[in-house]
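Now, the feature entries from TrEMBL:
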DOMAIN    C:63-111  domain 'NADH-Ubiquinone oxidoreductase (complex I) chain 5 N-terminal'
DOMAIN    C:127-400  domain 'NADH:quinone oxidoreductase/Mrp antiporter transmembrane'
DOMAIN    C:611-675  domain 'MrpA C-terminal/MbhD'
DOMAIN    C:685-768  domain 'MrpA C-terminal/MbhE'
DOMAIN    C:789-911  domain 'Na+/H+ antiporter MnhB subunit-related protein'
TRANSMEM  C:110-127  transmembrane segment
TRANSMEM  C:207-231  transmembrane segment
TRANSMEM  C:243-264  transmembrane segment
TRANSMEM  C:299-317  transmembrane segment
TRANSMEM  C:323-347  transmembrane segment
TRANSMEM  C:410-428  transmembrane segment
TRANSMEM  C:460-483  transmembrane segment
TRANSMEM  C:652-674  transmembrane segment
TRANSMEM  C:788-809  transmembrane segment
TRANSMEM  C:815-835  transmembrane segment
TRANSMEM  C:847-870  transmembrane segment
TRANSMEM  C:890-915  transmembrane segment
Amino acid sequence: MEGMYALCVGLLTACGIFLALRGRSFSVVIGLTLLSYAVNLFLFASGRLRLNSAAVLGESQQYSDPLPQALVLTAIVIGFAMTAFVVILAMRARADLGNDHVDGTLPKQPGDTEQKNGGNA
Amino acid sequence: MLNITIIAVAICICIALILNLWRLLKGPTISDRILALDTMYINAIALILLYGIHARSSLYFEAAVLIAMLGFVSTAALCKYLLRGDIIE
Amino acid sequence: MNSLIWLPFLPLLGTLVPLLSAHLSRTACAFLTAALPALTLLLVLSHAGDIFQGERFHAVIPWIPAIGLDLAFRLDGLAMLFAILILGIGLLVILYARYYLSAKDSIGKFYAYLILFMFAMLGVVLSDNLIQLWFFWELTSISSFLLISFWGHKTEARKGARMALTVTGAGGLALLAGLLILGNTVGSFSLQDVLDNGDLIKASANYPIIVVLVLLGAFTKSAQFPFHFWLPNAMAAPTPVSAYLHSATMVKAGIFLMARFYPALADTNLWFLIVSLTGLITFLVGAYIALFQHDLKGLLANSTISHLGLITLLLGMGTDLAAVAAIFHIINHAIFKASLFMAAGIIDHESGSRDMRNLNGLWKYMPYTATLAMVASASMAGVPLMNGFLSKEMFFTETLHQASLGSLSWFIPVLATLGGVFAVAYSMRFIHDVFFNGEPINLPKTPHEPPRYMRVPVEILVAICLFVGIFPSLAVGDLLFAAANATLNGPAPDYSLAIWHGFNLPLVMSIIALIGGLLMYKNRAHLFKFQAQFPASDPKLVFESAIQWLTRQSQALIAWAENGSLQRYVFFVLAFAVVMTASSLLKLNTTAGQRPEIPLDALSITCAVLLCISALATVIWHRKRVVALITLSVVGLIVSLAFAKFSAPDLALTQLSVEVVTVILLILALFFLPQKTPKESSPRRIVRDLSLASLFGGIVGTISYALMTRPLDSISTFFTENSKTGGGGTNVVNVILVDFRGFDTLGEITVLGIAALGIYKLIARMRLFMPSADGNGLAWSEDRHPMLLKVISQSLLPLALLVSAYIFLRGHNMPGGGFIAGLVTSVAIIQQYIAHGVEWIKTRIKFDYQIMIGSGIGIATLSGLGSWVFGHTFLSSWFDYFYLPVIGKFELASAMIFDLGVFLTVVGATMLILANLGQLTTSERPTQQEHE
């Protein structure tokens, strides 16, 4: 199970990073969301995987490590706040700069007609 | 008896989830995909309940309640997007 | 012990004196400035008796002992010798500068720089800690920069100072690297430990690196070939500075470093080769160049280079006697060179020129100064009865005992004699060209004797030259012996300081040097003609162009690396992270650890497959943004299922609710962003990014696997054991959040609130483009609020609020809590926004979300402060059990008030973000539709 878990974490990380390296803000946001899934899973796994041992006293024989869980719980919420911030920043950048490229300017590509300001109106 | 039932149900859910994924990937329209996602939420509810029964623990049932409730919101939001573009107006 | 600490710090205090007394008369200022260094000198001398007995003083003030950082000073023979030179010559320079500087120059500033430099030099020689030594070393570079550039209005002063700083500063960085490796090799940054572990260092694999780096520092400071060019250019400094920095102190710091680390680093072939060859080349090159200088100070500067080369050569010879000779020559050179610089300064000051082609026959005008200068240059040339003769004699003796170059070893004495010939020739030139050789040509002033007291420092120094030269044992015997002992970190060998050793080979070499030098000077016209054939090369220009080339290169590098593309920066950051993590993973021997793995089951595999395929689908379809959003939701769902499966119900609940909120946020954003991403990455970039991403994923996966398969020694048992008794709750995760680590949570909800407020500000006055049709060009539906959605949503609200309250209340004991309840509540409210629109809500929900965030954080903080009222620490919780009819026994805990704060903040923040984002469009939308 641990191997599979690690594989999933690795894959999520790779997908997240690939998307975070894209040029358009929405892809970057999606990538960051994937990356934050991976990070949360990764942090959670630092308490090791356990079945049927929720950290609720009296509910099970043994308890999983509650500390990473508490950390990840806040990380998830903060992660949402940060995603929201990036999203709004991306929108603001589009509103002010007229495009949604992370660099603020569109890369020069001859013969590309779709890249005018305002997207696909 | 219960164990056999659980295994049988688990297999059913597995198949259902894979079929959901198939529909989600295949599409062809966005509505198909949203529908597949919504069905996946329902299967997830079943999965969690099944896991709770298997583990003889009621700790996970709230998760099922939440999926039932929030999954609807997420689907509704996606549908509203298809309909009007802006979901809060 | 205590007075030792004061040694360097008295001068530091002294830097203030000239600044405060500058408004007094120049003489008063000079005397007041001299007071503290004089006191320091007395303090040093008060230790002399013990030092001569072979004692060594240490003083340590621990600072961060764990990483070897202490304020540590030592006073041994070598340190004392240098301290005496620094303070003694420093005092003479203070007196001299009083007369040298014109009324235009700010004497207070000059003295302050000078004393600062004195402090730095004392720090270098007294340091007993490697890092501290380096610190003072760099301080000498910086303070010498200030001194050399004292006449900042002159271009050459600025350029010379910059060059000196660049060369010595760069050497200083090499030295730092060398000292760090040295300290790590020894395992201690204490100088004494390093000196005592010479064999360990020499056996270490790092030894060659250490030697090269440390010597780079020493050679740049001591102007050794090929770094010698900065010294003549630093002659743009006022002459007192040259007399101080370039005779006795700054350039000797490099020599000091070699002497200091002599027991630790010397005595190997590597050391011998580098040090002796560098010294030999510098000795010859400096002497040769010195002969052809027309500038008086240029001659002295190059002769200084040559003499420094001589001392370096001695230190590289590897015999104890050579080290003694080196120490002796340090003393002698400092004395005669300081007096010569001062004499040159007097000549410059009283005649207005330093050009030896114009300065002639000054004997008539300033016979007294001329006599002093002649004695001093005779010492420089190595004439008997002068101190220079003694150490040069020792030098010649040592060159004869060299066998390190095998059958070529005879080269060393021959070349040494050749250097001696040049030394005699340029000393002769200094005397004959300036004081005799006809009449002065076109001097700006008529030369005359300097003020009485300006000559005093020169007189003192020349007297010492003679005294040492005639009664060497009496004059410096004890000091030399103590310094040699300290240098060798052991007993010094037997040596004799007598003037007459009988008629032997070294004496013959001296005689050859004297006669050869005189002959060479006599035939200098031919030599000058020969030298004139070479194209004139100014090291200053070469250096400047090198610096400019470097600047251009670094500008090009910056233009390449910092081209304003965030995409590129992210790539760099991630690539660097890969390199850093991968390098440490390489040291991990096995990936899998000892911990047994949980067996796989079909359901988990199915979920994992779902997760992987959805993640990949998100990547593949990231340009179709809505589809990517849907696949992303699947990933989020599976992640929360994973949390549920691996015993983290709280996380599952949180992840689920955040998931929904995120999706709503992204859909909201998507409306204002292009629906599709254009294809614009080049195949090369895609391959590059793919490889980086897979590498990163692989590394993270490996770490994760290695981590999970290793046994855990967690601190969490404390939390599980005390959760019920200390926090009054059975849900340990929640108790940690609101009780044990409540302060962290308080910080986190504050961050959440700040992020929400930041977003609120960003949303304000945002002008957005809104598409009038969907991605496929179909017009939007006319039905703004479908009836079915309205009805279902409205009935959902009370249900969701009930669930939310339930999750909130039971949070302390069962999975749930303020975070999750807050998210559920916000989702329920947002559903109303979606179904009914902003206007409908506005009439029903009247409160302000910003106030909600504020009150949430306020309540959480107050619940923490509340414990102060009861005399407990911040955020410690209270709980008790109560009984009510019908409901039964229930628990009240102060932590629940804290959790209420969390709840309010989460609701407020989420709603502030989403509702405002939705609200933004409401006023704009109708105008858009009118255009359709």
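Residue numbers in this text run from 1 along the chain shown.
Each residue, glycine too, has its Cβ placed from N, Cα and C.
All TrEMBL annotations are machine predictions without curation.
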Contact check, the domain 'Na+/H+ antiporter MnhB subunit-related protein' (C:789-911) vs the domain 'NADH:quinone oxidoreductase/Mrp antiporter transmembrane' (C:127-400), 3+ Cβ pairs under 8 Å, seq sep 6+: no
Contacting positions for the transmembrane segment (C:207-231) when only residues 6+ beyond its ends and CB under 8 Å are counted: 137, 140-141, 160, 163-164, 166-168, 170-172, 174-175, 177-179, 181-182, 185, 201, 246, 250-255, 257-258, 261, 265, 268, 270-271, 274-275, 278-279, 281-282, 285-286, 301-302, 304-305, 308-309, 312, 539-540, 542-543
Local confidence of the domain 'NADH-Ubiquinone oxidoreductase (complex I) chain 5 N-terminal' (C:63-111) - pLDDT mean: 89
For the transmembrane segment (C:243-264), distant same-chain residues with Cβ under 8 A (at least six beyond the ends): 78, 82, 85-86, 89-90, 93, 96, 114, 117-118, 121, 124-125, 137, 140, 144, 147-148, 175, 182, 191, 194-195, 197-198, 201, 214-215, 217-224, 231, 234-235, 237, 275, 300-301, 304, 308, 311-312, 315, 323, 326-327, 330, 333-334, 337-338, 340-342, 345, 487-490
For the domain 'NADH-Ubiquinone oxidoreductase (complex I) chain 5 N-terminal' (C:63-111), residues assigned helix / strand / coil by DSSP: 32 helix, 9 strand, 8 coil
Residues of the parent chain within Cβ reach of the transmembrane segment (C:460-483), under 8 Å, 6 or more residues beyond its termini: 48, 51-52, 54, 76-78, 80-81, 84, 89, 92, 324, 327-328, 331-332, 335-336, 338-339, 342, 372, 375-376, 379, 384-390, 492, 497-499
The domain 'Na+/H+ antiporter MnhB subunit-related protein' (C:789-911), counted residue by residue under DSSP: helix, strand, coil: 85 helix, 12 strand, 26 coil
